[in-house]
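According to TrEMBL, the protein carries these features:
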type	residues	note
TRANSMEM	18-34	transmembrane segment
TRANSMEM	41-64	transmembrane segment
TRANSMEM	95-113	transmembrane segment
TRANSMEM	125-143	transmembrane segment
DOMAIN	130-271	domain 'Fatty acid hydroxylase'
TRANSMEM	180-206	transmembrane segment
TRANSMEM	327-346	transmembrane segment
DOMAIN	453-621	domain 'Very-long-chain aldehyde decarbonylase CER1-like C-terminal'
């Protein structure tokens, strides 16, 4: 049975909970349109603005926290935040709705409270500080300690907040209804008290409401932002302000450091962790030291301007679900476009995300380029320079395998990575394109009883490998290509007894009776119309073809689900489902786990396709299609 006041009344509303703001919005709009004097409802506008500022504070702290390329050396808890924690904290902003309701009730009962306040009153600031130090801090300290030391209250209430393994700014507001009601009292009394004393002001209300949340986020940000020198120069600050490390220790050990913002009360209550300031100094001093070296790096790049907002350091919740165009993001497009131009001009490859698999640190690095830039002739050298620099950095720090994503291994750009391996023959890091596993995923999707397939993009790197593999299985491959020379070159690679299974075709109507299409080149609706009803489109074309045919089925891009023992994974890879990565990403992971010493660049070794597939199965990776078919 759910404990009293542990659940939120709107818990099952989902995003419809935001309708609870509607009365305030409606009151402001109505007064603005139909009433000459809107001063009587200004309190509604103030409440809405303050709620928006509170949400903005959390979002900006989240952006900072997730900028791993800035914060990675100062992180307190090195673990990643997984999907489970993100879902647990999905409705972190429930407390803002609660505070809006309580503030509305107070203002409705006493309208002059907000409407007659001056912009500034120095006495009000003094009164607020006195009330915070003498009321809010000791009350919070006493109740927080009590919640920890009373088994019933911790189990039924406070454990919800502590069930987030890695502190994050969104963790700050993620608590039960009872705890947030208490926080409303803690944060509300200084504000109401200053107003009742007749010294309140709008600046004090706005400043305290926002600063209260700012400090809560600071304590949960998991990044040590304070220099230890500050506390050595001004030792008294150790009693007045806590640090992310200070509160991080509370989340790790839970028996100490109960204060709201001022460690003074832990000192007075003899509950301060003795390692609080020493650990804070240790983390700051270690900021310049080399952190754990990843065993595997996936070198990705941006797709387009809109999808750039799918990054975890933009909107964490958005990045935790498969990418799709969201209309609410459209107003941010101009700003994101300017950021893209800035990245083009000044940015270098950066750390994007990470996870751990079998105790191996796996990171995704981002090349600051977007899809369209790879097709600009004057931009190719710059892109190759970025990729080369990333490979050399990985080699220098001791990365085992670096896998090139999507267009970073484009044949026309760098020969599928061959350029870098030939240029730097002494590389210790293994450079891989991962396409051997991509080919394997596509090939293992094809039913064993298929006798004929139609292949577009037939002379590409993947097309060649698929054609050669299938002809060895006795499958007739209709290879769509206008180049006789390229077709014959591939045909000669096949064993003599299987060469006749490779058939060159130059038009789509040649496949009008074939129900298995393998698509490596984008298809228009007209081209798709040649496929007979019941055709299944396997594909390795980027972007995927549109699903025009209702009487046909469409496969997704080649992808694999990571093993269940993956840790700290909280970001979806573009349009992939949670826990699913592109096959070339998975191919690099398998290369790392197997400890293979060769580079996987250039043409795909057809003889290794089954070997790579079996290795992937051995480590618990699974084909997405095998789970859904």
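Every residue, even glycine, has its Cβ placed from backbone N, Cα and C.
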Helix, strand and coil residue totals from DSSP for the domain 'Fatty acid hydroxylase' (130-271) stand at 98 helix, 1 strand, 43 coil
Per-region confidence, the domain 'Very-long-chain aldehyde decarbonylase CER1-like C-terminal' (453-621) (mean pLDDT, whole number): 96
Are there residues at least six beyond either end of the transmembrane segment (18-34) with Cβ under 8 Å to its Cβ atoms? List them, or say none. 10, 40-41, 44-45, 47-48, 51, 97, 100-101, 104
